[in-house]
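First the structure, in the form of structure tokens, and then the observations on it.
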Amino acid sequence: MDWFQQLGFLCFVFYTKTPYPEVSITLKQPNQFCFALNGKTRCITLHKNVNWPCVVKIVADIGKVQVKLIKKVLGLWPTFGTLTTTRNIQIDYWKCELLNSFDVTPNAKFLLFKYQQNLYNHVYPGRHIYIKANVNGQVVSRPYTPVWPLVETTEYGIISEDTLCLLVKSYPNGKLSRHLCSLNQGDLIEVSRPQGSFECWTSKTNLILLAAGTGITPMLPIIWNALHSSIKKYNITLLYFNKKETCIIWKKYLDQKSAAYSSRLTVHYILSEEENSMGDTKGHIDESVITKYFPTLNEESLNEHAVCVCGPPGFNKLCEKLIVQQGYKKDDYFVFG
């Protein structure tokens, strides 16, 4: 562990030497800072008090974690404080309260939650958390992918580092989705630690993303991280399937991002129930769509491409079949379940 400081802040740098380390940060007291890296928890009694939230930067490929804490009072400290090792306490779920909700489409909302304690859990692209809530006397749990807008925006106010952001579509028979979309400010849910394993894209340079409806949620962090990677330059093609243009989640953000990264991000909107004003194909996922938008593969180019799929079960199953027919092997694609 290293540390450095300026008058207004101090930074801790941890070298886990493990790609994609598990990272959880807690400020238990204004001068008690705890961090859990790959399941090992340590606490620091700081020299003086700091503010929350912290700012976390992670170079996932090499396992480097930097945590920036803002000092309550300006000044240079003679020491960061005292480091101790603590007994690991397994926490399965944390309580979160709803800060605000925003309509994104006629049946989808963007929900902003805050942990009840000063907590930051890092969620890597393609990974998820479980949301648990009591719905009419029954405990219901489902996986969701935390997301955030692809571009800088004030539309949703200031989203701090420790805010948990979810895109949720309300389904007629979805107990938890309808419950989440009906929550009022201050209502509580329970949130698990980040879960999942998804790293197939890190060894590639060209990403093809197939998303249907709210299947866009795991793709948004992938797009953002790929375009902002300091390690590698990625090229991304997104095929986004919806019924109508009004169903497209965050179309304006996707358009802004693709305009800003026009040489690296291409977005195609494929609609099934109306003509496409953007000039893309009308219809459903089928062999003709794959043939039109997928590159022709050879042995060399196959090693450069990865495909990610997320949508309803039928969509996922058909996509996987078509991808395999194109020559992609199991290590070259990932289907989110």
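Just so you know, glycine gets a Cβ as well, placed from its N, Cα and C.
Over in TrEMBL, the protein carries these features:
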- R142, P143, Y144, L167, K169, K175, S177, T217: FAD binding site (BINDING)
- 91-201: domain 'FAD-binding FR-type' (DOMAIN)
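Positions of TrEMBL features highlighted on the structure.
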residue: R142; record: FAD binding site; Cβ contacts under 8 Å, 6 or more apart: Y130, I131, L176, S177
residue: P143; record: FAD binding site; Cβ contacts under 8 Å, 6 or more apart: H128, I129, Y130, I131, Q195
residue: Y144; record: FAD binding site; Cβ contacts under 8 Å, 6 or more apart: H128, I129, Y130, I131, L166, V168, T217
residue: L167; record: FAD binding site; Cβ contacts under 8 Å, 6 or more apart: V104, A108, K109, F110, L111, V147, T214, I216, T217, I249
residue: K169; record: FAD binding site; Cβ contacts under 8 Å, 6 or more apart: T105, N107, A108, S177, G213, T214
residue: K175; record: FAD binding site; Cβ contacts under 8 Å, 6 or more apart: V135, N136, Q138, V140
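Around S177 (FAD binding site), a 10 Å sphere centred on its CB holds 22 further CB atoms from the protein chains shown.
Counting every protein chain shown, 21 other Cβ atoms lie within 10 Å of the Cβ of T217 (FAD binding site). For the domain 'FAD-binding FR-type' (91-201), the model's average pLDDT works out to 91.
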